[in-house]
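Asker: Pasting the relevant annotations from TrEMBL:
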type	residues	note
DOMAIN	600-664	domain 'CBS'
DOMAIN	697-755	domain 'CBS'
TRANSMEM	68-92	transmembrane segment
TRANSMEM	153-175	transmembrane segment
TRANSMEM	195-215	transmembrane segment
TRANSMEM	227-243	transmembrane segment
TRANSMEM	255-279	transmembrane segment
TRANSMEM	332-356	transmembrane segment
TRANSMEM	368-385	transmembrane segment
TRANSMEM	441-461	transmembrane segment
TRANSMEM	468-487	transmembrane segment
TRANSMEM	515-540	transmembrane segment
Amino acid sequence: MVNAGDMNGSGNLMDFLDEPFPDVGTYEDFHTIDWLREKSRDTDRHRKITSKSKESIWEFIKSLLDAWSGWVVMLLIGLLAGTLAGVIDLAVDWMTDLKEGVCLSAFWYSHEQCCWTSNETTFDDRDKCPQWQKWSELLVSQSEGASAYILNYFLYIMWALCFAFLAVSLVRVFAPYACGSGIPEIKTILSGFIIRGYLGKWTLLIKTVTLVLVVSSGLSLGKEGPLVHVACCCGNFFSSLFSKYSKNEGKRREVLSAAAAAGVSVAFGAPIGGVLFSLEEVSYYFPLKTLWRSFFAALVAAFTLRSINPFGNSRLVLFYVEYHTPWYMAELFPFILLGVFGGLWGTLFIRCNIAWCRRRKTTRLGKYPVLEVIVITAITAIVAYPNPYTRRSTSELISELFNDCGALESSQLCDYINDPNMTRPVDDIPDRPAGPGVYSAMWQLALALVFKIVITIFTFGMKIPSGLFIPSMAVGAMAGRMVGIGVEQLAYHHHDWIIFRNWCRPGADCVTPGLYAMVGAAACLGGVTRMTVSLVVIMFELTGGLEYIVPLMAAAVTSKWVADAFGKEGIYEAHIHLNGYPFLDVKDEFTHRTLATDVMRPRRGEAPLSVLTQDSMTVEDVETLIKETDYNGFPVVVSKDSERLIGFAQRRELILAIKNARQRQDGVVSNSIVYFTEDPPELPPNSPHPLKLRRILNLSPFTVTDHTPMETVVDIFRKLGLRQCLVTRSGRLLGIITKKDVLRHMAQMANQDPESIMFN
């Protein structure tokens, strides 16, 4: 009677796992989430809230708050991302100018702001005002001459080295994850991989500060890619405040997709381009609801940035242009040539940069990240200063290259020989012969182009925040402007040629070199990243050049075709493979005729699969199995003889369940029977209390037969985001295929080393 009473008492206790306990459903670092499970958990949570909302007014209000929490998170992400982008823009502007001089009336003013506030600035000398002094004027009271030039040169290098050293030191000491672009890791995280700390508060703070420092140092990198990382850090922070997102990794990734859109929105002032970028380039799972929320987050972020007005021109970007001439069909040929150049540059850059990054990982070079940053910064500053096109910030360079030459432009690129009898409106200036300024600018641009191509290869991937959008655009814009000037001069001097005769009469404004720069920038960015639709939308939002969509499309498609002819991988996919992240790219095709039985483990000659039985193992047996293996989960079978599959139990949840049972349930000891069935097994009278673990058992694990083609298995892993898949024959368990097995097999089929792609 006593034993029976004990058993009845334990019956209530052993069902304690029907209540959730801490950390169940969470994942360990560097593991993949189970998308199907997360989706199922969210459906259960939603069903529970809906049924409770009918019970009382308070529960109904709670259900409304839950429904609105997604929009609140988007609003907060947009506000913070827009504010941070505005602060970064203002700080970069000031610190870039600080390398050359200082404003005496207010040291926190940039050169442009300083001269805005001056009453003594004239239109002809708009860049010179008494309040702004170069370092040579301030220190030795000389603005011209060799000594002044050398002093300014020396201080330019010193400031650049100071900014770069401070940035790499902050990253190294406080937030190692704040380095790089962040987009390869964001893509991997959005595909379901866990990298704890990558989107943390320290990473957000350090990346924001160091991004200002590295862009101001003059290194050949941009802030656009890292701004996506910054926005995703904001998304992660705000999603942790709402249990709907903090307790469900699948839902959290929906927020991060929208945050990526907000990041591109503030980086380029392109809200629609941001949404398309998130959809085309970074997101793995993008339901319609996420599309709307991404749109809202991008809108709020762009509105916030516009309110801050960092460039003082009431525009979201520095590159806004207005061209006054339409493009002509004959110009499609040079536009397509620029597309070919963009594709070739993209291929060259990816191959050289990956080779250099692999060398950094496998040689002693990787042990000295601070020294590498200092050396590259010193080389960049020494070579960049003498050339006016590399001395200024890359954003200002692109802005000048995009500009159309109006009557009021003072740039060397606009030094044309004017006809003294010209009496045309200011906006409609005819094509003119190039003056000496244009020819010297062409030489300087050619040198700047070669320098930018070489130095960007070594800069991207160092242990500092580094974006690739702006350097790629600069390379394309320089090449495009030179081609544009060439076509313009050809049309001027040979307007009687058949290709010019129909549309370029003498005295007409036929060719806009700035448009060629814009098309070249799009081509090079497309060649490196392999973006198409989002790239074209970003470019026309960036420049306001809605009329020039066709040239942009032609260049983007050509650059992608040319680059894809040499290899399908864009720079972000290449870095994902270099780092060995478990990322199954949707764009990759698997065309080999292998079967699930060829890939599953265990193979012939290997030890049999480690399994749990439904009601015949003790707590000690389970703990021993966990200790002796490092698998993430174990199939549960009826018995080791029959091997009929019952379900699948995750390693982490087994450990937590047993630990909690030992703490909260009396009578659970090492030789207690563990059972996964609904009813306890029949036990001898004096047996210790059994432990019921049915709640943590996945009763519907995804299974395939041993003759399922691997093409189908790969597709299932991609589209359902599986961690593992069990292989059966007539209900009997044969083996298991994990995501890593799929990646290894794909690498093997592509004649790569299967182990080289594994994340370490």
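Backbone N, Cα and C atoms are what each Cβ position is placed from, and that goes for glycine too.
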Asker: Give the one range among 68-92, 368-385, 515-540 whose Cβ atoms make the most pairs under 8 Å with those of the transmembrane segment (153-175).
Answerer: 368-385
Asker: So which of 68-92, 227-243, 255-279, 368-385 has the most C-beta pairs under 8 Å when paired with the transmembrane segment (441-461)?
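Answerer: Checked against 68-92, 227-243, 255-279, 368-385; highest Cβ contact count belongs to 368-385.
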Asker: List, by number or range, the same-chain residues at least 6 past the transmembrane segment (255-279) whose CB is under 8 A from its CB atoms?
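Answerer: Distant contacts of the transmembrane segment (255-279): 70, 73-74, 77-78, 81-82, 84-86, 186, 189-190, 199, 223-225, 227-232, 234-236, 238-239, 245, 285-286, 290-291, 293-302, 304-305, 315-317, 469, 531, 533-534, 537-539, 541-542.
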Asker: Can you count helix, strand and coil residues in the domain 'CBS' (697-755) using DSSP?
Answerer: 24 helix, 19 strand, 16 coil
Asker: Would you call the transmembrane segment (227-243) and the transmembrane segment (195-215) in contact, using three or more Cβ pairs under 8 Å, pairs 6 or more apart in sequence?
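Answerer: As far as Cβ distances go (cut-off 8 Å, pairs 6 or more apart), the transmembrane segment (227-243) and the transmembrane segment (195-215) touch.
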Asker: Give the mean pLDDT for the domain 'CBS' (600-664) on the 0 to 100 scale.
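Answerer: Mean model confidence (pLDDT) across the domain 'CBS' (600-664) is 89.
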Asker: If we call contact 3 or more Cβ pairs under 8 Å (sequence gap 6 or more), are the transmembrane segment (515-540) and the transmembrane segment (368-385) touching?
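Answerer: By the criterion, they do not touch.
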Asker: So if I exclude everything within five residues of the ends of the transmembrane segment (368-385), which remaining residues of that chain have a CB under 8 angstroms from its CBs? That is, six or more out.
Answerer: 153, 156-157, 160-161, 164-165, 167-169, 172, 217-220, 360, 391, 451, 455, 458-459, 462-464
Asker: Within the domain 'CBS' (600-664), how many residues are helix, strand or coil going by DSSP?
Answerer: 24 helix, 17 strand, 24 coil
